[in-house]
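First the structure, then my questions, so here it is.
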Amino acid sequence: MATSGTTWKLADHPKLPKGKIIAVVVLDGWGEASPDKYNCIHVAETPMMDSLKNSAPDRWRLVKAHGKAVGLPTDDDMGNSEVGHNALGAGRIFAQGAKLVDNALATGKIYEDEGFNYIKESFANNTLHLIGLMSDGGVHSRLDQLQLLLKGASDRGAKRIRVHVLTDGRDVVDGSSVGFAETLEKDLAELRGKGIDAQVASGGGRMYVTMDRYENDWEVVKRGWDAQVLGEAPHKFTSVVEAIQKLREAPNTNDQYLPPFVIVDESGKPVGPINDGDAVVTVNFRADRMTMLAQALEYEKFDKFDRVRFPKIRYAGMLQYDGELKLPNHYLVSPPLIERTSGEYLVNNGIRTFACSETVKFGHVTFFWNGNRSGYFNSELEKYVEIPSDSGITFNVQPKMKALEIGEKARDAILSRNYDQVRVNIPNGDMVGHTGDIEATVVACKAADQAVKMILDAIAEVGGIYMVTADHGNAEDMVKRDKKGEPLVGKDGKVQIQTSHTLQPVPVAIGGPGLAGGVKYRKDVPNGGLANVAATVINLHGFVAPDDYETTLIEVVD
């Protein structure tokens, strides 16, 4: 249903006609990087995408798909499929990450949502554990958010709270961990004064304990697991301030690499191992260095290290760290609810819409595109088709995935002339790229290119217009690199494969026989991002975008 109070009528574009069928193709995980053997897009046979790039330079450009361009706190933050499709569909940049948490805490909404109510079930008889970076750096976490969550949880029934701290020294000055620990201890002492059993249970330096990323070194996560869950560590102290001060006395020690420690009581017993029935929250809002721990806490089937025991807990992340894996399944802060998306505007202006992908990305081209909203805006004008993804195998086993089937569905929708917009997500570059299998990712990119050709051939047949873009990078750089950009080599002498998203820009290509001859990319939007795509698509449909949308990427030259 349309949002009440909104004027939905879009003005006619003064130079671009209505009535053209538009194909919007999102190549998932398809960024632009220097050509080398680790760039699977470059290595793969991709004649269709190559021709878009090389044949019409005025109609091919790059846009940003990470960091502030998609609402994340810093430009060191990789883009992801969820925020990428939010930006593509919404036409505006919405707060993601830290700002979302700030808003949820300020309004109290965090305590009303499903995630908090899920962990609250443990408050009466069990312990609430909070694990995360103890820092005000604002890159992965913020101490003030932890403080507010401590107060909010204790006000709402948490009687026994344990905090498992990770010291920073990377996003803040080395040595500042002592001050942060003193601040935290003061808050915990105040809670104890109110009859709440609240104290720090364990700790360690972020680069040595827990906060590894991209599956680089599971031993880092295991050290944290042993301290946080099992209550076992090589160093034992009676307070967190003492622990940090004593451990920092060792030569060449800093906050980032403090060894794991546990806090013990007078009898030497650890004060806070995680046990059956407890609630656990990972308080970092940034995903990359929480995802591995989240897997260990959530997955019953887990083979990365010996967990010794796997407690039955109620676990929630501050946010959901991976929308593709739905990891974790529970989270305290939901994605932003975005009003007035391009899809809603277009449907309210009579644009008949077809959207399709396979299961792993179907939600992105529908739910996330539509502002984190389920269902149709108008079921009479929209049709969403989900093709079941392969199950029971990793994606590198069948790297073509369902690309050709998606292409066929889109082709048929275009040729039916029943739709004004045909929108698809082709997942191969991202989902196969995540496996780290370079050979399979090359096959995946070729299949994605074949699907694009199928769709663009249909557009040519009906005299339509295409836009081909991506949501973030992945397949274009499959190796970890040093500061000079050279591939990193591991202890075994082999290059270190990268399975994560990247910070690379992504292409936006437009064309087709229905595109007016004078259309080209503007020169005055050099820092365009994914949010600029929505206004551009609205223009291609023959309308002027809403005033508060990020500006269109195109102009019409007479």
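Including glycine, each Cβ sits where the backbone N, Cα and C put it.
Copying in the features that TrEMBL gives for the protein in this structure:
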type: ACT_SITE; residues: S81; note: active site, phosphoserine intermediate
type: BINDING; residues: H140, R170, D171, R206, R213, R286, A287, D288, R289, K361; note: substrate binding site
type: BINDING; residues: D430, H434, H501; note: Mn(2+) 1 binding site
type: DOMAIN; residues: 22-543; note: domain 'Metalloenzyme'
type: DOMAIN; residues: 101-322; note: domain 'BPG-independent PGAM N-terminal'
Can you name the residues of this chain that are 6 or more positions from H501 (Mn(2+) 1 binding site) yet have a C-beta less than 8 Å from its C-beta?
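Same-chain residues close to H501 (Mn(2+) 1 binding site) (Cβ under 8 Å, separated by 6 or more) are G29, H66, M78, G79, N80, D430, H472, G473, N474.
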Could you give the mean pLDDT over the domain 'BPG-independent PGAM N-terminal' (101-322), rounded to a whole number?
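Over the domain 'BPG-independent PGAM N-terminal' (101-322), the predicted model scores a mean pLDDT of 96.
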Going by Cα-Cα distance, which of the binding-site residues (H140, D171, A287, R289) sits nearest to S81 (active site, phosphoserine intermediate)?
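Considering only the listed binding-site residues, the nearest one is A287.
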Among H140, R170, D171, R206, R213, R286, A287, D288, R289, K361, listed as contacts of substrate, what is the widest Cα spread in Å, to the nearest whole number?
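Largest Cα to Cα distance for the substrate-binding set is 35 Å.
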Sorry to bug you, but what's the C-alpha spacing from H140 (substrate binding site) to H434 (Mn(2+) 1 binding site), rounded to the closest Å?
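That comes out at 22 Å between the alpha carbons.
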Count the other Cβ atoms sitting within 10 Å of the Cβ of H434 (Mn(2+) 1 binding site), across every protein chain shown.
22
Pick out which of the binding-site residues D171, D430 has the most other Cβ atoms within 10 Å of its own Cβ.
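The residue with the most neighbouring Cβ atoms within 10 Å is D430.
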For the Mn(2+) 1 site given as D430, H434, H501, which other residues of the same chain have their Cβ within 8 Å of the site's Cβ centre?
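So the additional residues around the site are D28, G29, S81, E324, G429, M431, G433, H472, N474, A475, T499, S500.
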Take the Cβ of H140 (substrate binding site) and count every other Cβ within 10 Å, whichever protein chain it belongs to.
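Neighbour count, Cβ to Cβ under the 10 Å cut-off: 26.
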How many other Cβ atoms are found within 10 Å of the Cβ atom of R213 (substrate binding site), counting all protein chains shown?
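Result for R213 (substrate binding site): 16 other Cβ atoms within 10 Å.
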